[in-house]
């Protein structure tokens with residue numbers, strides 16, 4: 001007992017608790033992503049990943065540098081190509097890369113914290129606890145729109161790559177012989193332009209940093225030349241998206257609204273942690289003000305002796321970069337309202353900005369803990385506790401969302417123009433349908449795997465007759481599709497109750513075995529679960545059947561643990 005309550009024992013206990021909390025955050029985030037996973041491309045992915053891969057294979061190599069809205073997402077396109085070339089375009093690789101990129105960000109701040117606490121005897125302990133907190137902080141589920149969407153690797157890269165460039169640049173600022181570090185920083189600055197539009201700020205800020213840090217003239221000139229070249233290349237043949245606002249007009253006509261937008265953007269983590277609304281808005285504005293105070297204070301102190309404070313100055317420039325990101329975003333999207341800044345996808349750059357701010361005040365936090373250990377420990381535990389409460393939202397079931405997207409892909413595979421259903425993955429348009437038709441024909445992405453693969457070709461064919469047990473289920477709803485009278489929409493529930501197995505795919509045939517349509521299960525049916533049992537909760541199905549079979553006897557056939565349910569199509 002005495003050994004447990006010794007200083008060493010308490011440190012080990014606290015370290016184990018910190019590691020456990022960090023692990024819980026990562027596991028919950030992964031759990032949320034798995035629960036939301038569907039192989040069906042979602043919105044931008046149809047054109048920016050699937051159609052991109054098709055076009056590249058057809059020889060359109062110029063698309064690597066083409067705009068996506070205002071961005072040139074070269075690095076993410078490389079990941080998209082790898083996903084389709086080697087992983088069947090099912091998004092698993094891309095989702096995994098989201099987590100890998102965040103892990104690299106954690107690694108970056110691990111090295112930053114080591115450098116910040118280099119002269120402290122307790123450096124290893126401080127770095128460990130700081131890294132655990134940063135892990136929890138950067139894996140927060142509030143950014144689920146990025147973590148759980150396979151398209152969003154650029155949102156992580158657009159923060160990580162420029163921050164790495166600025167971090168590495170501090171080494172030649174501190175040591176004039178660090179030529180390899182300078183070359184690496186230059187390469188990362190160039191690569192930043194291939195992340196998102198805000199990445200073009202990296203090289204100009206690196207040039208400004210070189211001036212502020214009083215780096216060698218040839219290094220400053222090199223960065224200035226690279227800035228001019230990359231900006232020239234980026235804006236060559238550039239066009240402004242028509243549905244976005246103008247930064248210049250926004251600054252001149254709505255400066256106060258833009259300032260509030262930026263405050264909400266950078267304070268968005270606290271906006272969500274403190275319950276949105278008035279309390280969340282106040283928390284966002286106050287926290288952003290605090291960040292500004294920290295950044296400006298450290299900036300002025302660093303400029304007095306930039307060589308000895310090269311890392312501190314680099315962290316300030318990281319915050320300036322992320323603040324510039326907020327300003328640029330607000331310039332184009334303030335037209336959608338100031339609270340658009342609190343969109344979940346924008347929490348990623350804000351979380352990175354606060355990680356930089358933490359690194360700036362890390363020595364001060366250590367001093368405060370040494371003077372007032374009990375009070376400091378209590379205060380430092382409040383934020384992780386609040387974060388953990390929100391993190392458990394990742395554990396919520398997402399079966400309805402996933403099934404809705406899966407059924408949309410079923411409609412596309414069968415050629416059913418069910419606009420309300422398809423709108424769950426993309427707006428219905430001629431160009432989009434052309435992409436889906438090509439992907440279906442070439443068995444790409446979701447159209448190349450079970451249960452969607454080649455379903456359309458089987459319509460009208462006959463299934464072999466077999467003796468199968470009777471399924472338990474019911475055809476609940478049959479409705480017309482206004483945008484496609486050739487098909488009927490069917491809904492109900494079905495399972496093999498003898499072995500308590502829910503099928504994935506339901507084949508719908510007429511009494512003679514001719515295939516008339518298909519349906520997918522997975523929709524939550526709590527009403528069925530209350531009567532049949534909890535094993536039947538996901539037995540709800542949605543699908544399509546040819547309207548020419550209306551009024552006929554039909555059979556619903558389960559694919560897994562085969563069973564059949566004879567019924568009639570109204």
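Numbers here mean position along the shown chain, with the first residue as 1.
Cβ coordinates come from backbone N, Cα and C, glycine included.
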Range annotated as transmembrane segment in TrEMBL, from 67-85, 124-142, 409-427: 124-142
TrEMBL annotation (transmembrane segment) - matching range among 21-43, 44-66, 90-112: 90-112
Recorded stretch that, among 148-169, 217-235, 256-274, 373-392, has the most CB pairs under 8 Å to the transmembrane segment (313-336): 256-274
The transmembrane segment (256-274) vs the transmembrane segment (148-169): 3 or more CB pairs under 8 Å: no
Chain residues outside the transmembrane segment (90-112) and at least six past its termini with a C-beta under 8 angstroms from it: 26, 29-30, 33, 37, 39, 41, 45, 79-80, 82-83, 127, 130-131, 134-135, 138-139, 146-148, 150-153, 156-157, 159-160, 163-164, 167, 311, 315, 352, 355, 359, 445-446, 449
